[in-house]
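A.B. asks: According to TrEMBL, the Mg(2+) binding site annotation covers Ser92, Glu161, His189. Taken from TrEMBL, the feature ATP binding site covers Arg309, Asp331.
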Amino acid sequence: MEEGMGALKYSRTAYEEALDVLFSLIVNRRRCDKSGDRFELMFEYVKMLDLEESMSKMKVIHVAGTKGKGSTCTFTESILRKCGFHTGLFTSPHLIDIRERFRLDGIDISEEKFLAYFWWCYNRLKEKTSEDVPMPHLFRFLALLAFKIFSDEQVDVAILEVGLGGTFDATNVVQAPIVCGIASLGYDHTELLGNTLGAIASEKAGIFKRGAPAFTVFQPDEAMHVLRDKASQLDVQLTVVPSLDPELLQGHKLGLEGEHQYLNARLAIALSSTWLHRTGRSNLSYKEQSGSLPEQFIEGLTTARFEGRAQIVPDRYNDIETPEDLVFYLDGAHSPESMVVCSSWFCAAIKHNQEGILNHQLDDNGTSSNKLLQGYDNDEARKKSVQVLLFNCMSVRDPQLLLQPLIKTCANNGVHFKKALFVPNTSLFNKVGTHGLAEANGEVDLSWQFHVRRVWENIIQSEKGIGAMVEEESEKPEVSGKSCENSAVFSSLPMAIKWLRDSVLQQNRSIRLQVLVTGSLHLVGDVLKLIK
């Protein structure tokens, strides 16, 4: 770290002050637009921060995609860390604290280092920007901050997750990545990226660079055609990798839950192996003809952790002796495709639970481990398991396209929600830290939540063969959650969680509530803040 950026002791207030300054960089609710929103400014910012030389030497792995890119980056970082390398990982969004976006050797950057790097970058940019070259907006600043951190910390490898799209994403200022990856593609952010898979694939392929090999997973034909065409134009070698054969893990399980993770894991293996090969460490890379994964790869894949994705957290608020009475199943799915995956995972997970197994009972540090539930007596075995949905999604998304596959997939697996709870997010969209909580004493606009609730009720009634559609029912938020059979709107997330906890107590612990939290990573993060 440079002189003047030494290890000072910062109070919590100083950290909150920095977050408030970050908040000032939010110019709108969008991270980019189709024209790139003057993307060329990113190169000016890099010059202002004197990062040109260090970034040209940075050994980058760059990953885009609609779903699975964060998991792929997490697997890749874990593999290369287990191989003995000093890693830097930049991901988005964060769930609880913005420092989650910057990981050094698998650990969130410390508050002291974050503040030192933040103020150095902010003050330098504030001094050099002008009316023609204004301060970067939030995500661009965060990407620049990541480059500064990884440069000064002298990481061996920088793994960058694209925030949105690819072509005009702030991370795409990197000009010479070692290798690129495209995770599964689907429909998301169509208002910015286009409403066809071809258009979306074109944006994602914007991270391809001449001379850097690229890997992807099996994609729909429309998307694959575009990826191959873009790769051909740049003379990029594009390889499609299959799903990982579980037998290669030698009896171990992936650290991230869900069948879809075997696809992300295989992509991570390809990225890691190529990075090792192209940086002169071929002796550590995976050789397909060998028929076995290196020990470091297996360890990296099986110890990887990524909060908010297929995560199971027993609630310990009511009674630590019986945390299985209220269990939260958290997954930040927010596209139709990922909702199918999320629903399938939830159904499989509660099946294990009902058989007396909680596949991912968490320890006090929030890390998952495979343990049998201990102390299951006859009373526990007789408890009735009840499924509840806790949901919110951004207003730019169509709740019909999210809720329909969720309901259908669950029903196909014999799972029916007793109640669906709709809530606003606790953290405001334009706050970036743990202190950015919505004011409890103000009027909360719940019109979106009531709209989503109507969509839910209409789908449920349609599934039951009831023709009448739910119109403008009473828009009074629930305080007890008892006035509607299938659903309820709560004016705050804490009220919804209190209702869930009270429900367990009011039933004299004769029921076991299994709560699926999905639709928004912001919601998942808010729930984790409240229950951990």
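Cβ coordinates come from backbone N, Cα and C, glycine included.
Unlike curated entries, TrEMBL annotations are predicted automatically.
Keep in mind the model is a prediction, meaning the values are calculated, not measured.
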A.B. asks: Roughly how many angstrom lie between the C-alpha atoms of Glu161 (Mg(2+) binding site) and Arg309 (ATP binding site)?
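C.D. replies: The Cα atom of Glu161 (Mg(2+) binding site) is 16 Å away from the Cα atom of Arg309 (ATP binding site).
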A.B. asks: Applying a 10 Å Cβ distance cut-off over all chains shown, what neighbour count does Arg309 (ATP binding site) have?
C.D. replies: 27
A.B. asks: Between Ser92 (Mg(2+) binding site) and Arg309 (ATP binding site), find the distance joining the two CA atoms and give it rounded to the nearest Å.
C.D. replies: 13
A.B. asks: For Asp331 (ATP binding site), which residues of its chain lie six or more apart in sequence with Cβ-Cβ distance below 8 Å?
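C.D. replies: Non-local contacts for Asp331 (ATP binding site): Gly308, Arg309, Ala310, Gln311, Cys342, Trp345, Phe346, Leu516, Val517, Thr518, Val524.
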